[in-house]
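One structure below.
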């Protein structure tokens with residue numbers, strides 16, 4: 001019982017880490033103030049956002065350190081990176097110290113590294129403690145990264161609702177405190193000896209925890225708008241903290257009592273946890289490699305594209321050199337690059353977007369909205385695991401469905417600048433990108449091998465800094481060009497602020513077209529991989 005309780009303690013600790021370390025999601029809450037204090041252009045502000053995302057390109061370093069140091073050491077290294085990067089930025093924005101732009105850029109890069117290192121620690125904890133329910137553990141814990149902005153808004157409003165610089169101070173301090181809180185269960189973890197009963201019981205506990213997570217998300221989404229007053233914000237913050245600590249009670253109750261029944265084990269395939277399943281070919285003798293030229297000529301271009309380079313086994317290990325030769329990987333890469341990453345760049349620009357549309361007082365509310373729906377999107381990524389055995393639909397198909405709202409949202413923003421459209425579009429983009437961020441870990445493991453997932457996923461997310469640079473550069477150039485040509489502008493301290501729909505309209509049109517490309521790419525990936533999932537479902541039954 002103690003061993004089973006310990007692994008749930010570790011899961012709750014992982015939830016805390018994720019909930020309080022998504023510091024990149026509140027960038028929009030203080031970016032306008034940072035821009036004014038530094039006296040920089042929108043293009044230069046975009047580069048600071050890119051620097052934070054560039055930290056993800058160094059995620060592999062945390063994996064190397066884990067080979068030589070225990071988890072808790074790497075966790076505190078991540079906390080130190082964040083404390084150093086954000087604390088000095090806070091001193092800059094408070095005008096206590098003055099630093100050149102290049103050093104501020106480096107601070108953003110260091111702070112961005114901390115986020116990726118925290119994520120690596122959480123991934124390893126989930127994989128070690130829930131080897132047969134890895135996808136459920138990952139989707140649950142990763143989802144809480146999406147509520148960070150909402151939690152930070154509550155904390156900031158509980159201290160001083162009018163001080164945007166508090167976000168940087170909290171970004172520096174709160175992850176360090178969360179690391180201290182999670183230290184004890186992480187240090188005390190021991191190798192697990194899981195019985196079949198324990199593994200079968202786990203999905204029921206995950207259902208309970210996911211229900212509690214939905215309640216937490218709804219609480220933050222529906223009540224966060226009431227936190228503009230300090231006293232009310234403190235009350236709401238207390239309620240949010242109670243919800244975050246409540247899971248500590250649930251696993252203890254489950255482990256202390258014999259529930260008298262075993263949950264449906266269809267949520268986990270004990271005989272094949274790593275999904276080493278052969279891809280079905282309708283006729284192995286007619287595979288692409290041995291088809292005569294005349295047969296190929298009879299096929300259309302679409303059929304040839306769908307067959308060329310098709311994976312031969314789901315879950316087969318792919319080293320990096322083999323990975324980059326796979327068509328399926330590049331379809332996956334484009335889907336992420338044009339889908340999830342573009343949603344992340346949108347969130348980085350939310351402060352300026354909301355300000356340009358004339359809703360300056362609504363910035364925190366819009367950022368919280370994106371954060372909350374990103375949280376729900378991450379939770380929904382667990383749907384394939386909960387519906388396993390009931391709905392036969394490939395995880396790559398879920399990815400394609402999740403990307404549908406993104407182009408719709410951008411085109412809505414292009415045609416209307418109303419507050420209703422802003423809120424609705426932000427919610428759709430947050431839901432879509434949140435699903436992609438969470439589902440990507442499981443998809444990478446299924447398509448290209450679980451043992452290679454750490455390296456392969458870091459290769460996949462190299463698209464984030466690239467997309468952040470290109471999409472952000474596009475938005476900044478359009479923004480600055482409209483500042484120059486438009487009379488609808490204001491001067492905030494030393495920075496010129498663009499006002500009106502034209503500031504981002506062309507950007508939204510371009511982003512919408514790009515996200516359509518991501519949707520098409522994800523659909524092609526689904527068509528190419530669907531036989532593998534169908535075959536696995538058939539064999540499992």
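Even glycines carry a Cβ here, placed using N, Cα and C.
Taken from TrEMBL as is:
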| type | residues | note |
| --- | --- | --- |
| DOMAIN | 7-251 | domain 'Nodulin-like' |
| DOMAIN | 316-531 | domain 'NFD4 C-terminal' |
| SIGNAL | 1-21 | signal peptide |
| TRANSMEM | 63-88 | transmembrane segment |
| TRANSMEM | 100-130 | transmembrane segment |
| TRANSMEM | 136-159 | transmembrane segment |
| TRANSMEM | 166-184 | transmembrane segment |
| TRANSMEM | 204-223 | transmembrane segment |
| TRANSMEM | 235-254 | transmembrane segment |
| TRANSMEM | 329-347 | transmembrane segment |
| TRANSMEM | 359-377 | transmembrane segment |
| TRANSMEM | 397-415 | transmembrane segment |
| TRANSMEM | 427-448 | transmembrane segment |
| TRANSMEM | 460-479 | transmembrane segment |
| TRANSMEM | 508-527 | transmembrane segment |
Stretch of maximal Cβ-Cβ contact with the transmembrane segment (508-527) [cut-off: under 8 Å; candidates 63-88, 166-184, 397-415, 460-479]: 397-415
Same-chain residues near the transmembrane segment (397-415), Cβ under 8 Å, at least 6 residues beyond its ends: 335, 339, 342-343, 377, 380-381, 383-384, 421-422, 424-426, 428-429, 431-433, 435-436, 439, 443, 504-505, 508-509, 511-513, 515-516, 518-519, 522-523, 525-526, 530, 533
Stretch of maximal Cβ-Cβ contact with the transmembrane segment (166-184) [cut-off: under 8 Å; candidates 100-130, 204-223, 329-347, 359-377, 427-448]: 100-130
Contact check, the transmembrane segment (460-479) vs the transmembrane segment (100-130), 3+ Cβ pairs under 8 Å, seq sep 6+: no
The domain 'NFD4 C-terminal' (316-531) [mean pLDDT, rounded to integer]: 86
Non-local residues, at least 6 beyond the ends, that sit with Cβ under 8 Å of the transmembrane segment (204-223): 8, 11, 133, 136-137, 140, 143-144, 147, 150-151, 154, 236, 239-240, 243-244, 246-247, 250-251, 254, 259, 263, 267, 368-369, 371-373, 375-376, 379, 382, 386
